[in-house]
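Here is the structure we will look at.
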Amino acid sequence: MSEGQKFQLGTVGALGLSVVSSVSIVICNKALISTLGFTFATTLTSWHLLVTFCSLHVALCMKLFEHKPFDARAVMGFGILNGISIGLLNLSLGFNSVGFYQMTKLAIIPCTVLLETLFFRKQFSRNIQLSLSILLMGVGIATVTDLQLNVLGSVLSLLAVLTTCVAQIMTNTIQKKFKVSSTQLLYQSCPYQALTLFIVGPFLDGLLTNKNVFAFKYTPQVLFFIVLSCLISVSVNFSTFLVIGKTSPVTYQVLGHLKTCLVLAFGYVLLRDPFSWRNILGILIAVVGMVLYSYCCTIESQQKQNEVPVKLPEVKESETDPLISVENGTGILADVAVPNVPVWTSNKDLDA
C-alpha cells in the first residue's frame, strides 16, 4: 500500500470515528441532560478532558505512543485558549436564542477562511467558496429558526467564534510546526483545558442554570450516563485533533455540520422529534454542499500533484483537504477538542 493510500485510509478512519463518536455523545448527553436533568455542561466537559488525559496517560505507560515534549508556553496557551473557547460557547448558548446560536456556529467557517487567508496566505478557490456557501445555506435553513438579538449575547458569540477559530487553526499549525502527532498534542494540552474548565465550570453552570453542580443528586443512573459520556468523550477529543491534523480546520467544521444533520435525522427517525419540510430541504442542500466541497478539494489536490515538480520550495498553502483526501500529508474543539457544541437545556440538546 502506497503512502498516499495509507494517508487516505487514515483520513477516512478519522472522519468516521469523529462522526460516530460525536453523534453517540450527543445521544448520551440528551439522556443525561433532558431526561435526568444534569444541565452542567461546562463542568461535564472538564470531566471529559480529565478522563481523556487519564486514558492517554495509561496508553503512554503501555507505550502505545511516544511522549514528545515541546514548547511549554505554546502548549499552555493553546490549552487555556481551548478551555476559554468552550466556556464562551456555553455562555453564547445560554444568553442567545437557539437560532442565533446556530448562526454563531455557521459563522465559524467564514471566520476561519478569513483568518487563514489574512494571516497564513491560504488560498480558497471560487469553487471551494461556492460549495461552502451552499453548505452553510443548507444548515442555516435546517437549523436556524429565530434570531433574537441582544448585546451581551452578540458579544459572547463574537468572542466564541474568534477563540474557536484560533484554537482550531492552532491545532493544525502546532502539530505541523513542532512535528507532533494529534495524540501527543492532546496529551500535553488536556491538563490545561481540564483545569481551566474545572475552575470556571461550576461558576458558569450556576450562572446559566441557577443550580449548584455539587448539590445535585447523583443517582446510579446519572452516574452511569456521566461515566458513559466521559468514556465516549475520549474518542471525540482524539478524533477532533486527528481530523484537524489530517485535513484542515475548515474541513473539520464541514464535518461538524454533517454531524448536525445526522443528529437531526436521528432525532426524527428514532426519537420522533419534530421535523418539517424545511429541515429536510436544509439537510439536502447541506449534503449537496458537502459533496461539492469534497469533490472540489479532491480535483484541486490532483491538479496540484500533477503540476508541482518533485523538488518543491515554499509554496502557498491552499484548501485542498477534502472530507476524503487523496493528498499525502502529515497528521496535525465541542460541541467542545471536545464536542464543539455544548448542550445544557432540554430545548437545545440536538446541537452537534
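Keep in mind that glycine also has a Cβ here, set from the backbone N, Cα and C atoms.
Quick look at what TrEMBL lists:
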TRANSMEM  12-33  transmembrane segment
DOMAIN    21-294  domain 'Sugar phosphate transporter'
TRANSMEM  45-62  transmembrane segment
TRANSMEM  74-93  transmembrane segment
TRANSMEM  99-120  transmembrane segment
TRANSMEM  127-145  transmembrane segment
TRANSMEM  151-173  transmembrane segment
TRANSMEM  185-204  transmembrane segment
TRANSMEM  224-245  transmembrane segment
TRANSMEM  252-271  transmembrane segment
TRANSMEM  277-296  transmembrane segment
Under 8 Å between C-beta atoms and at least six residues away from its ends: which parts of the chain pack against the transmembrane segment (151-173)? 78, 81-82, 84-85, 88-89, 91-92, 95-96, 100-101, 103-104, 107-108, 111-112, 115-116, 120, 185, 240-241, 244-245, 248-249, 252-253, 332-334, 337, 340
Before we move on, state whether the transmembrane segment (127-145) and the transmembrane segment (277-296) share at least 3 Cβ pairs under 8 Å, counting only pairs 6 or more apart in sequence. yes
Cβ pairs under 8 Å between the transmembrane segment (224-245) and the transmembrane segment (12-33), at least three: yes
